[in-house]
Amino acid sequence: MASSQLMHRSAGCFALALALPSGGNRSAARVRCSFPRTYEELQKGVGLEELVRGAESAGARGRSKLLRRSGNEDDVDRRRTGGTRSSPPPSRNGSSMAPADLDCEHFSRCSGCVIDKALDEPRVMRDAVSFFKRHAVDDMALTTVGVWDWRCRAKLAVRGTCDNPLIGLYEEGSHVVVDIPNCRTHHPRINAAVELVKEAIRTLGVEPYNEETHTGQLRYLQMVVTTFNSSLPAAERYAEGKVQVTLVWNAREEKSVEADLLQPMAEFLWQKGGLGRRGSTPILHSVWANFQTTRTNIIFGGKWRHLLGEQQLWERVGGADICFTPASFGQANVQAFEALLRRLQKKVKRDSAVVELYAGVGIIGISLAVTRACRSVKCVEVNKEAKDSFQLSLARVPDSVDCKISWHCADASVSPINWLEGAEVVIVDPPRKGLDAPVIEALRLASLRGQGKQKSPSSSNVNRVEKRPWIVRAKQDSVVKDSASDWQEEVDVIWPDTLIYVSCGWESFKRDCAALIEGDAWHLDDAHAFNFFPGTDSIETLAVFKRGKSTGTKSSKKKAGRRTGPIPFHRKVGKGALPKAKQ
């Protein structure tokens, strides 16, 4: 997702940015993936028996709460056997059809999750399946990688007092912060890091922010887990992830009076959870500060400071090493995003010329260059902060990758047609609001030109356009890795024949889709959904459009032994389809 969406994601949609929970794949080694929850456990380490007893105790509290809500003990027992914190998840590909329920003690107040039952069956999929069937895509399915512990990125509000800090999300429709120490969707290392921050607040007397008086020191936290650790076997890297902590401080800068406790707090966290932690694996990757003094809901200010730990945060995504800064946008559900990238890569022909709009730090573009042997990949992004991350990632692209890769700092909505010429595949990954109107018009125009229904501009017009200020600036701010091959120039002008749309907003996608296919400019060829935010009624959609009018109805490809229920949208990664649901 493009970093141009940071303001939209982090500020404009504050409730969503804070609320969508986190977690990973609650898989076979559930006990091995359990982590200390309290500061005392963090400090001295904790054995397996203590962890199990803690999980059982938490389970008892959750059971009591569920009983009060439902009044049905049998129902509670059925749901808890389907997904307790100390048990592996139910398999929906085997004989058991136990639901993947949330079973979280914070659900009744926390705004992060709106669904607590059947997390692998978001209700929006009914509309999605029906929508794509109307557009001749009959095999729309949903990939769910895991419904617990999936969130590797979390923005949390800090309120309360220094004796009783509250760290969590806003209660729905209010600015009352709900403390969520045992969030079931957070990666367990995030919950452990939150407990460490609470202990630092109590020990040092750090004042949480007060919105009414605009006083206090610590306003928000950002927690980002990196699973990039080549010293560990691949199967263990997710569980042993480290957390990059950003402290959003109510001060203008590091040297101001209000920031006098910032460095002591960073050092406390690093001693207890970083490399200074004795006898245990560090849980912290680094500590950063962001300075924010405005009286708004905007989470981040414009000033960042690296305090302790590693400066770059790396992640292995889509077959490429990608560098992130705390200001970079990254997907919270790393495992689901990996599944989306693998499917997207298969939709791009080898040796293609690709342009990506709303590119952010260039994750999709770089991954395609590495895995699909593209001739060229051009990434367009408005946020200049993404440039350094792209440059560092580009330096790790193997020399064997023979592709011209470039990143350009430009607003994709300003003269977007100039970025589309010469590309065979265009990829768009807009914010939740969807595509900008000029981008939609440019995509339609590019398709019509590719079909010969609209003439391309003359070379003199192109030269005049190329001299416009924003095009010149985009070239000056670009980052380029040239190809070793001398690709032969095309005689005819090329326009995209494939459009790949990655959408996080279902309603905006439907609106954009209607505009794109109008007048047979494009037609839908394929679509798939991904459960990026289990616990919410939302999906991430990967849709493939082809240029012009459809040549016929796309037939469903049924695998041998496939059995589908009344709504065929259940799919697990690498597991085929689910058994037919009971009628």
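Using the three backbone atoms N, Cα and C, a Cβ is placed for every residue, glycine included.
Feature annotation from TrEMBL assigns region 'Disordered' to 62-98 (among others).
Annotation comment: TrEMBL describes 70-80 as compositional bias 'Basic and acidic residues'.
Around the Cβ of Asp429 (S-adenosyl-L-methionine binding site), a 10 Å sphere holds 20 further Cβ atoms from the protein chains shown. The annotation S-adenosyl-L-methionine binding site is assigned in TrEMBL to Gln331, Tyr358, Glu381, Asp429.
Within 10 Å of the C-beta of Cys504 (active site, nucleophile) there are 24 other C-beta atoms, taking all protein chains into account. Look at TrEMBL and you will find Cys504 tagged as active site, nucleophile.
The feature region 'Disordered' is assigned by TrEMBL to 550-583 (among others).
Summarising the environment of Tyr358 (S-adenosyl-L-methionine binding site), the number of other Cβ atoms within 10 Å of its Cβ, over all protein chains shown, is 26. Rounded to a whole number, the distance between the Cα atoms of Gln331 (S-adenosyl-L-methionine binding site) and Cys504 (active site, nucleophile) is 11 Å. Of the binding-site residues Gln331, Glu381, Glu381 has the largest number of other Cβ atoms within 10 Å of its own Cβ.
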